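Summarising the annotation, Swiss-Prot assigns domain 'ABC transporter' to 2-241 and lists sequence analysis as the type of evidence. If you look up Swiss-Prot, you'll see GLY38, PHE39, SER40, GLY41, ALA42, GLY43, LYS44, SER45 marked as ATP binding site.
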Amino acid sequence: MISFNNVSKVYETGGQSVHAVEDVTLSVEKGEIFGIIGFSGAGKSTLLRLVNMLERPTAGTISIDDKEITSLSTKELRKLRQRIGMIFQSFNLFNSRTVFGNIAYPLKLAKVPKNEIKERVNELLKFVGLEDKANNYPEQLSGGQKQRVGIARALATSPDILICDEATSALDPETTTEILNLLKKVNREYNLTILLITHEMHVVKEICHRVAVMEKGKVIEEGKLFDVFTQPKTKTTQNFVRSVINDHLPESVLAKIQNGGQIYRLTFTGEETGQPVLSYIAKNYNVDVNVLYGNIIELQNVLFGNLLVELQGEQREIQKALQHLRLQVQLKEVEAHAS
């Protein structure tokens, strides 16, 4: 659907070259929700602006449906942009227009007949749950309602691609969940390809099928959501994952661990998360088990469990217990931690 091939964007500032995007190669499949995460200045927003040619790449090519877009004429570019909807962190609504007027705006630009505009806007108002707000103005709406208007407006021209630029960053947690559920509904019912950028890993966890991590203009890690979450390779990705799975033990906890105790990280996937493995080894081996941290999250309908445990006992018994864990519980990873 969307392909970036060795794409770079360089700005000349004060006689210096700034690489906002550097040699990025990515593919976004049709109908998926693809997340791009990174800290401020990572190059996320610049990469998005390249998709609809608000910025042109300094090097490399960008293709949509196998058609290279960097050389499109003005007329062709106008048609392309009608296929791409966009929602923003700051909503970008017209304060002087009603909710109906904001949603209708791109249809008027496309010279859609008035009766079709009315039908389409009413359809979208129902879809985003704002049927009773058609005649309200943006100042009369909550942040979540404003973003719903933004989503409806982005869908007005029946695009193939929806770009989300930090779409939930200005919202409270409850409203964020509501908007993410709406975006999942958009993806499911319209089979829309969604390209989303954020600096919040919990947003990626809730909605994305695949994710790329950007740092200093480069993609440093990319893959399926489950793989990136459960096996983060880079330090930056590990830090993002810890914002959702904060398994860092406080010094006060480490200080209480008895001499001779050993800490292990256990990770479980799927049905493994429901197995009583710790009670089994406590009963069948001469080992004391102290759970220091544990959680279970769901990633694309697959459970992922994460435990940090302290094992106390003779080294021989601990090794027997670990061997059982590895063989019987399909232990994904056991990692010793220094206390």
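Here, residue 1 is simply the first one shown, and the rest follow in order.
Note that Cβ sites are derived from N, Cα and C of the backbone, with glycine treated the same way.
Model, not experiment: these values are computed from the prediction.
One way to see the shell of the ATP site is to take the Cβ centroid of GLY38, PHE39, SER40, GLY41, ALA42, GLY43, LYS44, SER45; the remaining same-chain residues with a Cβ within 8 Å of it are HIS199, MET214, GLU215. Under the DSSP three-state reduction, PHE39 (ATP binding site) is assigned to coil, being neither helix nor strand. All protein chains shown were included, and the count of other CB atoms within 10 Å of the CB of GLY38 (ATP binding site) stands at 24. Counting only residues at least six positions away in the same chain, the Cβ atoms of ASP165, GLU166, ILE197 sit under 8 Å from the Cβ of SER45 (ATP binding site).
Across the domain 'ABC transporter' (2-241), the prediction's mean pLDDT works out to 95.
For the binding-site residues given as GLY41, GLY43, the lowest number of other CB atoms within 10 Å of the residue's CB is seen at GLY41. With a cut-off of 8 Å between CB atoms and residues at least 6 apart in sequence, the same chain places ILE36, ILE37, GLY38, ILE197, HIS199, MET214 near LYS44 (ATP binding site), listed in sequence order.
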